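As recorded in Swiss-Prot:
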- H83, H182: heme b b562 binding site (BINDING)
- H97, H196: heme b b566 binding site (BINDING)
- H201: ubiquinone binding site (BINDING)
- 33-53: transmembrane segment (TRANSMEM)
- 77-98: transmembrane segment (TRANSMEM)
- 113-133: transmembrane segment (TRANSMEM)
- 178-198: transmembrane segment (TRANSMEM)
- 226-246: transmembrane segment (TRANSMEM)
- 288-308: transmembrane segment (TRANSMEM)
- 320-340: transmembrane segment (TRANSMEM)
- 347-367: transmembrane segment (TRANSMEM)
Amino acid sequence: MTPTRKINPLMKLINHSFIDLPTPSNISTWWNFGSLLGACLILQITTGLFLAMHYSPDASTAFSSIAHITRDVNYGWIIRYLHANGASMLFICLFLHVGRGLYYGSFLYLETWNIGIILLLTTMATAFMGYVLPWGQMSFWGATVITNLLSAIPYIGTDLVQWVWGGYSVDSPTLTRFFTLHFILPFIITALTTLHLLFLHETGSNNPLGITSHSDKITFHPYYTTKDILGLFLFLLALMVLTLFSPDLLGDPDNYTLANPLITPPHIKPEWYFLFAYTILRSVPNKLGGVLALLLSILILAVIPILHTSKQQSMMFRPLSQLLYWLLATDLLILTWIGGQPVSYPFITIGQVASVLYFTTILILMPIISLIENKMLEWA
């Protein structure tokens, strides 16, 4: 008798996606981050929903409503910190997921990769708007600085900024629209994730060797469900340790001060997961140039498939490319560190060198090294 999961239209869909899905037999733990991102998204939507029940999106009450959630709402403190630190965990998983895609050549699955880039940008926009909602000093000034970048757009810039603000400065209308967008975007992210999976299942998963695996596939369940559950437990352990022992470790102390338009914090900076892009923005002396560099730091991912010159998909057997890859990873860590430092010597110079190295590695060095490796293969 045929199991119900193979007959029922709805269960058949779930079955083909998560149970009987043919999966390469050799995919490593690096492939766990996709399912972890799904878990993060569920956690963020759930905790966010409960926070939205008690939050007040008005400049006069937003800060005190956060204090009310933390102090008076039953288990409000853990919901709040799970949401804040869950965002950090989501970005850790996201960066590792993108990093794995770069290393193993998953970017050659163009539809999946491009929807992934849209997902990354949407998630970054959602997180930025969420950072504004507590209406602390860093929320207010972060919103002012980042939204003000739109004024760099020629001709329509100033009008665009005032349209986003809902007035002549960041105030209640800005907060209300940011809350509205922050609430709706995770559901758009969920829809995009479904598309991401749809295109992934059209081609099938990549694998560490970067070769076709049609002759050697196994079902997703029970093998990879078990493997993913182990990853999920380790992820939850890390999240709970962070939330229960150091809930404010990744936050900014300035955000515990009510937003004040008359006092500027000594050092305005976004959340840690935006610092690499923030450094690139600061490294360009020109405002419009900085905004373009900021956008290109993410959109550069879209040109990586075009710049792929190697005869091999994966970097597994390309030692020179591996060296460049880890140089790029280290460079991103340096950019993140510099973003948290004040705008003074030597941090400005280090930031500029790291920014140039970031673009040079991706646009010039990686394609050249791949061509050299191709020649070395011919000589072998």
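The backbone N, Cα and C atoms fix where each Cβ goes, glycine too.
Positions of Swiss-Prot features highlighted on the structure.
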residue : record                   : DSSP (3 states)
H83     : heme b b562 binding site : helix
H97     : heme b b566 binding site : helix
H182    : heme b b562 binding site : helix
H196    : heme b b566 binding site : helix
H201    : ubiquinone binding site  : helix
The answer for the transmembrane segment (77-98), taking Cβ pairs under 8 Å and residues 6+ beyond its ends, is 30, 33-34, 36-37, 40-41, 43-44, 47-48, 50-51, 66, 69-71, 116, 120, 123, 127, 130, 235, 238-239, 242-244, 247, 250-251, 271-273, 301
Reported as an integer number of Å, what is the Cα distance between H182 (heme b b562 binding site) and H97 (heme b b566 binding site)? 23
Smallest number of other CB atoms within 10 Å: among the binding-site residues H97, H201, that is H201
May I ask which residues of the same chain, at least 6 positions away in sequence, place their Cβ under 8 angstroms from the Cβ of H196 (heme b b566 binding site)? T112, I115, G116, L119
Cβ-based contact of the transmembrane segment (226-246) with the transmembrane segment (113-133), 3 or more pairs under 8 Å: no
Using the alpha carbons only, what distance in Å do you get between H83 (heme b b562 binding site) and H97 (heme b b566 binding site) once rounded? 20
Same chain, outside the transmembrane segment (33-53) by at least 6, Cβ under 8 Å from its Cβ: which residues? 69, 79-80, 82-83, 86-87, 89-90, 93-94, 96-97, 100, 183, 186-187, 189-190, 193, 228, 231-232, 235
Against which stretches of its own chain does the transmembrane segment (347-367) lie, if we need a Cβ under 8 Å and a gap of at least six residues from its ends? 279-280, 282-284, 293, 296-297, 300, 303-304, 307-309, 321, 324, 327-328, 331-332, 334-335, 338-339, 341
Same-chain residues at least 6 beyond the ends of the transmembrane segment (320-340) whose Cβ lies under 8 Å from its Cβ atoms: 99, 102-103, 269-270, 272, 274-276, 278-280, 282, 310, 347, 350-351, 354-355, 357-358, 361-362, 365-366, 369-370, 372-373
Cβ atoms other than its own within 10 Å of the Cβ of H83 (heme b b562 binding site), all chains, total 21
For H182 (heme b b562 binding site), the number of other Cβ atoms found within 10 Å of its own Cβ: 21
